[in-house]
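Down below is the structure, laid out as C-alpha cells.
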Amino acid sequence: MYLEKLRSQNPLTICITNDVVKNFTANGLLALGASPAMSEYPEDLEDLLPYTKGLLINTGTLTNETWELYKSALDIAEKYGVPTVLDPVAAGAGAYRKKVTLDLLHHHTISLVRGNAGEIAALIGESIETKGVDSAQIDNVGELALRANQQLGIPVVITGKKDAVAVNHQVRILENGSELMPLVTGTGCLLGAVLAAFIHLADEDSLLDCLEEVLSAYSIAGEMAEQKTSLPGTFQIEFINSLYAIQSEEVEENKKVIHYE
C-alpha cells in the first residue's frame, strides 16, 4: 500500500548525507519512486523545504561546518513541518560524534532515528562493541529498540542481521535481508533516506505498519538481488533494480515479521 502511495506522489526528499553514499542514495530513491535532492546550503534549503516531504540528516561526514548545517536544516524543517530522520553514523565510536548526535536530538525536532545497534545504544547511554560504523550483533535487538523508543520518545529503527522498529512502545522484529547487503557501502545510509521519503505517508496510528512495510520491502529487495548475483559489485546494481521492481504483493508474501512482546 505505502509503496504505491510513494510512487504515485514522487515526494521530494532532501538528503544531507555523507560524501561516500550520495550517488547510491539518489539512485536508490529514484528507483523506489521518490525525488531526491542533495541540498547543503541554508538559503537553498529555505527555498526547497516548503515543498519537501522528508529530510534526512546523516552525520557520516562530520565536521564543525556540517554540524552547523544539520542544525540550520532542522530549524528550517521544523518551521515548515517537514518530518526528519536522523542517521547517527558511528555515534558509539567516539565522544565528538556522540556529542553532536545528542545535541541534535535534544535541541531539535527529530521524527525518527535509524542506526545499528551500537549507534542506538550509544544514544541511550549503553555500550555495544563498535568499530567505526560497524557494530557487533546483539541477542535482543527488540529490547534495545524498546528502551531507545522509551528514552528518546521518538520512533526508533535498528538495522542489522535482524531489524527492529519501535513506535509508541510497540516493537516488531524483521528477519528478511541478504548477507551481501553489509558488503556494499551505503545500504544502511540509503535506508535512512528511504525512511525519510516514506514517513510523511503515515499518521501516528499507522506509522508502525508503514515502517514495517518499508523495512520489509527494502530487505526483500536485497534477497531478490542476491538471487541474481553472489558478488558485491554486481549486487549493488541488482539491488537498485530490485528496489525499482518490487511490488507490495511480493512484500506481503515474503515478509518475516515478529510482533515483539
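Glycine too: its Cβ is placed from the backbone N, Cα and C atoms.
Feature annotations, courtesy of Swiss-Prot:
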BINDING   Met38, Gly186  substrate binding site
BINDING   Arg114, Thr159  ATP binding site
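Over all protein chains present, the Cβ of Met38 (substrate binding site) has 14 other Cβ atoms lying within 10 Å. Met38 (substrate binding site) and Arg114 (ATP binding site) are 19 Å apart (CA-CA, integer value).
A simple Cβ count within 10 Å picks out one of the binding-site residues Arg114, Thr159, Gly186 as the most packed, and that one is Arg114.
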